Structure formats: C-alpha cells, structure tokens
Amino acid sequence: MELDNNSLDYFSSNFTDIPSNTTVAHWTEATLLGLQISVSVVLAIVTLATMLSNAFVIATIFLTRKLHTPANFLIGSLAVTDMLVSILVMPISIVYTVSKTWSLGQIVCDIWLSSDITFCTASILHLCVIALDRYWAITDALEYSKRRTMRRAAVMVAVVWVISISISMPPLFWRQAKAHEELTECMVNTDQISYTLYSTFGAFYVPTVLLIILYGRIYVAARSRIFKTPSYSGKRFTTAQLIQTSAGSSLCSLNSASNQEAHLHSGAGGEGGGSPLFVNSVKVKLADNVLERKRLCAARERKATKTLGIILGAFIICWLPFFVVTLVWGICKECSFDPLLFDVFTWLGYLNSLINPVIYTVFNDEFKQAFQKLIKFRR
C-alpha cells in the first residue's frame, strides 16, 4: 500500500548543503549505500520470516489430523493470505522502498498495487471472520456447533476475498488514463477522495470497530462462563462439554445430564451395587469431575481470550498509523508527512502478517504441540 516515493530524497537532501569536497562526497555516498544495504537486509529478513512462519502454520494444519476443523481452516486461510503478502508484495516493496524509483513498468505496478491492497485487506478481514466464528461458538455454542462446517468456513473465506477484490479493483480503471506516460513512481492515487474513504473504511475502520465489538462481547461471555459455577439440585447435575473454538482452545458450556444419571442407576442395579451409599459415592465423584473439568475449561478460556486480545492489539498497533496517515493524506491536500515515516508505517502494517502466525504458535497449545511434532518429524 505505497503512497509516496521520496524517502531517499529525504536522506540525500540532508547533504545538499555540505561543501563538495572529495572526502565528504565519498563519505556521503558510502553512508547512503550502507544505509540502503542495511535496510534491504532487515526487510529481507522480515519477509523471509513472514514466509516461513506462515508456511509452517499451513504445513502444521495440513499434516495434523487433529487440527482439521472449520476453525483451524480459517486460521490456515489467514496463513495462506499472509504468505501471499510475503511472496507477492513484500519483495517488490523492498526494492521500491530502498530505490524510491519505479522501473518495472505499468503492468507490474498495477499487479503489485492490486495484490498489495487485496492481500492486506484479506488478512485484516480474516481476523474479523475468526473473531465472528469464535463469538458464535461462545454465545450459541450448542446450535452453532451443528452449523460449524467446512462448507460454512469456505463461504466465510469466499466473502472475505470478494470484499478484498472489490476494494482493490477501482484504481485500475483510472490508472489506464496515464498508461502512455513514463512511470517513475507506483502509488495509489489519493486525489480520489471517495475511493480513499471507501478503501480505508472498508479495509480497516469498519473491520476494527467490528473486531472491538466482537472482542468485547467475547470477553464478557468468557468471563461469565469462567465464574459461573456448575449447579445441581435433587437428582439432576451438570457436566462440562468441551467445544472447540476458533482459537484452538476449549470452551465450557454446561449441559443437563439427567440421562447420564439414569444410566448410572440402571448400571448400578445390574452390578448389584444399587445401594444409596454406592450411588451417592459415584455422584460425588462425578460432581468432583465436573468441577475439575470446569477449572480446566476456565484456564483454557482465559488463555484463549488473552490470545484473541493480543491478536487484536497487534492488529491495531500495526495498521492504525498507516490508515490514519492515508485517510488524512487523502482528505487534507495541504498536509504533508515525512516520507520516511510513511515507509515505516507501511512496513509496520506488513509486520502484522508475521505477528499473526507467531501468536498462534506461541500462545496456542495445540498448534505448539503439533508444530513441535512436525519439527521432530523433519529431523
């Protein structure tokens, strides 16, 4: 999502007033060259790390049968999107960020810009559908578990890509008018204020509001389940049912278990142990088991909620500066921003594609275990 191309001029302009003797000139050229090489190496490492981390997430999901769930399908789709960012967007962005001169022609520029906007938007929207999936899993656990299929997950991913493509396509139409001109820069035309509003709100501001609302409700629902103690009266008691969530953790939902108690009475009579003392002893053990499972679920729920909060926080930190500058730049024509700072904000947004797989592998026990098994298997 490049919008400016004068970062190198920013560096070189600092030296325009320096006396032109040979020593200073050579020192300046060497400094600029060293700076370009250093920036290129750092950005290349970030790009490679993004590519490998997302590739490992995809391989882990594909090779681990336990992770073949609709929730993890969404996570895998996010990893594919982030890996596309690292393959098709970030390498060209390295060249453009360092050289600040576009020399790859109009066609490559159009493809690069479209890929940049499409993949970055899809990555952001994937976080929304993952949060939405988890929200439904918590608030309507039993019913949603029946509707939570691979087909439904595929439809959600398809909607993400349709929205992303619809946001990236409009610039292609008005860029054709300048196709005959010599191209020295490749950036989105911010003169179209309507498109700036449409793209920034569609790709960031609306998804961010949605994420905050969903996360707030998920947090409230999770806390209510954590602090809700299992209750039982008379001959009816409850058991914990574990429902897989989109973050790979488990969610406790309480369910009536009167049918289990009926089975308990019939089984006890058949074994000749149907005395009240025997039945009460078994019920106490089952109740203790319920409490233990509830504690496990509470711990997992806290961790899952914390993971989702970290994902949301990282997303906002990475993308908010870029979209604030982009929106202000599109609306306020008199406003100016440091090109170097804008390059930093652009790459901070790309960094989110590296942070996503790291969060899932570090804070998710199932992914961590599967990832470790995959590493051992490769060795």
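Heads up, the Cβ atoms here are built off N, Cα and C, so glycines get one too.
So that you can see what the record holds, here are the features copied from TrEMBL:
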DOMAIN    53-360  domain 'G-protein coupled receptors family 1 profile'
TRANSMEM  37-63  transmembrane segment
TRANSMEM  75-99  transmembrane segment
TRANSMEM  111-132  transmembrane segment
TRANSMEM  153-173  transmembrane segment
TRANSMEM  193-215  transmembrane segment
TRANSMEM  310-332  transmembrane segment
TRANSMEM  344-363  transmembrane segment
Point to revise | Residues from the same chain, set at least six apart from the ends of the transmembrane segment (37-63), whose C-beta lies under 8 A from its own | key: 72-73, 75-76, 79-80, 82-83, 85-87, 90-91, 93-94, 97-98, 347, 350-351, 353-354, 356-358, 360-361, 367, 370-371, 374
Revision key, fill the gap. Given the transmembrane segment (193-215), its same-chain partners at Cβ distance under 8 Å and 6+ residues beyond its ends are 117, 120-121, 124-125, 127-128, 131-132, 134-135, 163-164, 167, 170-171, 308-309, 312, 315-316, 319-320, 323, 326-327, 329-331
**Study point:** Touch test for the transmembrane segment (75-99) and the transmembrane segment (310-332), at least 3 Cβ pairs under 8 Å
**Key:** no
